[in-house]
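Read the structure below first, then the notes.
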Amino acid sequence: MRLLTSILAFSLPCTIIAHSTHHREHQETFSKDRLEELQKKWDTDWGFSGISTFAHLPYTRCLSHPETSFDIGIIGAPFDTAVSYRPGARFGPRAIRAGSSRQTSFRGFNPRAGLNPYTSWARIIDCGDIPVTPFDNALALRQMSEAFIELGERPPTPESLESSSTYQHKPKLLTLGGDHSIALPALRALKKIYNQPIAVVHFDAHLDTWHPAKYPSAWIDPDDESTPSFFNHGSMFWIAATEGLIANSSSVHAGLRTRLSGDDEADYSDDSQQGWVRIATDDIDDIGVKGVISKILDSVGTEVPVYLSIDIDVIDPGLAPGTGTPEPGGWTTRELIRILRGIESLNVIGADIVEVSPAYDGGTEATAMAAAQIGFEILTSIVRRGLMDQAKISKAGDEKRAKDEL
């Protein structure tokens, strides 16, 4: 018996090595001979099949797989414990991904832009979710901040790194919220990565620049800025402004129709002091979609780095009911999408879609599908901006060569 055990002990590693070598050789032969055939047969999903990633994109848990390069990452931030009214946006990333199920790379051509964002220069992948704690908002803020920095400092794909367009030299993140407070850790990360304040183009029914003490409470010191409750989805831009994260005088609110605090317009005064330009929902009736687009572009320009932040409640709740703080009288989904298309020349370096709370969406998925379409438009604009930069650089090079030849 001892002899048999000894023989097995010596022979088993050899057997394992031989089997492992044979397995690798089989894999190599297999991949060379049949990979293309298998991909043609099995690599296409219907809208209702496959794992629920955004637009059926490849999935990698990017935070724990630093070897995976990407140009645009879709990242979920399932956090909603900083809301002031209805919770539920922690399920937003899951709902938006489900709402994007009819988007596929083989049927992703965007006629308005003349490109398919899923098959152009950018490698776009679904990076999964940040595992945000629901028990401790201070820890959640730290987790999200570190996650955005981790992903934002990754190198893009080698092809983009070698591109003549500097726009392609840093990866971009599209964050699926989550409540709107997730914009604060995103801006902290972008300020660190780009080493400058970031302009914000903010679509929302609400200002989100309120001093946290505007929520009255006898239980807190209004002068103590370390109070945990100050971090909420109505004050995160106030915090960002005090930290110097936002480019003063180059940031815009669009779609506002909120009630204000107290008996006067002090909220507007505070907002103006932070350097914001305000576009009300009603303005679209007077200046039209083109007027809204012009006002945004005139205020921000096309060169300053921009964070695009879209609260789904900018859309009328009759069309997008699945949100935490609904305000009647909003823009239509079509109007919002047309405005987004019109500002595609912005230098967008990051974006979010927030406050999708599917529990209030009924059985229609209307809000989730609207958010998914908004995501498609944002991705298209980021990809198009990269192509526009390449074309601009190429044209400048041609003009220089022509001038040198004279």
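Note that Cβ sites are derived from N, Cα and C of the backbone, with glycine treated the same way.
The signal peptide annotation in TrEMBL covers 1-18. Summarising the annotation, TrEMBL assigns Mn(2+) binding site to His180, Asp204, His206, Asp208, Asp311, Asp313.
One way to see the shell of the Mn(2+) site is to take the Cβ centroid of His180, Asp204, His206, Asp208, Asp311, Asp313; the remaining same-chain residues with a Cβ within 8 Å of it are His202, Ala205, His233, Gly234, Val314, Thr325, Val354, Glu355.
Of the binding-site residues Asp204, Asp208, Asp311, Asp313, Asp313 has the largest number of other Cβ atoms within 10 Å of its own Cβ. Shown are the binding-site residues His180, His206; the one with the most C-beta atoms within 10 angstroms of its own C-beta is His180.
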